[in-house]
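Inspection log for the structure reproduced underneath, given as structure tokens.
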Amino acid sequence: MEPSATPGAQPGVPTSSGEPFHLPPDYEDEFLRYLWRDYLYPKQYEWVLIAAYVAVFLIALVGNTLVCLAVWRNHHMRTVTNYFIVNLSLADVLVTAICLPASLLVDITESWLFGQALCKVIPYLQAVSVSVAVLTLSFIALDRWYAICHPLLFKSTARRARGSILGIWAVSLAVMVPQAAVMECSSVLPELANRTRLFSVCDEHWADELYPKIYHSCFFIVTYLAPLGLMAMAYFQIFRKLWGRQIPGTTSALVRNWKRPSEQLEAQHQGLCTEPQPRARAFLAEVKQMRARRKTAKMLMVVLLVFALCYLPISVLNVLKRVFGMFRQASDREAVYACFTFSHWLVYANSAANPIIYNFLSGKFREQFKAAFSCCLPGLGPGSSARHKSLSLQSRCSVSKVSEHVVLTTVTTVLS
């Protein structure tokens, strides 16, 4: 998976012979003006690309910042899963704020304009963010797998989650050091190196051709293929537990909490508004937990699927380029450029997609997003939520009766 800030490795003005391109001194200024006017100035479709990058930049920064604020401001949202979601959002903010602008300029100008130091720093941070995202998604899947499939084997806590997050960043910062070590900035036109940074490229430089093949093969397996395969297996088992069979202990709870409809009707006649009996209440709580776990699992599976789809093109292109040596003498250069450019944009689009997924699939995050935008859209503010809660409280009596009746009817059906 190539760091998306280094597409400038494909030179803008390659020479057919591979020899340095020399210009007479009198023509340097005129040549630079020609390059800017007819070659580097964004074309029409590149303006579309710029607009797409700007949209992703704004959505990713605002959305992921709101995710972090939602968990920070609300103690009831400080769950283990949400701690990992915040960590994923922090990685998305990092890559969006630092790497996205550089990647956009490189894709448009096909030149590295930021010098040698940032040539090492930006690709390194890009690789670190990829590692953090993959490890975070892996820990989320592992936590859900233990909680749902093997709840008695491991007890996840917020303290352990925070320790895991620190470990994720430490491992990612350490294992991606080789990415920074091999990045070098060089100029395709040495004669113009002192006049402009146009057509400078930031690319990997290895001592032997075998090393990049080994490194990028391992990178693809460790940061994409293997973790996604393991996470797919984990979510498959989670899916079976939540939708195919009962959570461990639910069947016994079903029998234990069951009350006959006649007993339930007798309890209802004792008052105008009676709360569900303790056993029925316990079962209702268990059903509510089941529904909440299903919603959370559904949201996390969508996040994982979107991540896999967004990172698939750049992963495949990087393996083809670095391992199999393709695209060096591409006959259709524009098509190759378009593929790499679109794949770079998809990486950043994933950062913008996550907050959107949370908004549509998580009621708690959706309420917090509405509250955050209440200053601009009063109808979406806390007032509407308060009115909704008031109506809910007024109808709690009737809802509780209906819920208990539905539960007991379901129990009767299951046990008959």
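Glycine residues also receive a Cβ, built from the backbone N, Cα and C atoms like all the rest.
Here the candidates are Asn87, Asn194, and Swiss-Prot annotates Asn194 as N-linked glycosylation site. Both Tyr45 and Ala371 are recorded by Swiss-Prot, but within differently named topological domains on opposite sides of the membrane. Disulfide annotation in Swiss-Prot: Cys202 is bonded to Cys119, selected among Cys99, Cys119, Cys273, Cys310.
Residue counts for the topological domain 'Cytoplasmic' (141-160) under DSSP, helix first, then strand, then coil, are 12 helix, 0 strand, 8 coil.
When the disulfide-bonded residues Cys119, Cys202 are compared by the number of other CB atoms within 10 angstroms of each CB, Cys119 has the fewest. If you look at the transmembrane segment (120-140) against the transmembrane segment (337-360), you find fewer than three C-beta pairs under 8 angstroms, all six or more positions apart, and that falls short of contact. At the 8 Å Cβ cutoff, the transmembrane segment (337-360) and the transmembrane segment (47-67) share at least 3 close pairs (sequence separation 6 or more) and count as touching. Summed and averaged per residue, pLDDT over the topological domain 'Extracellular' (183-213) gives 83.
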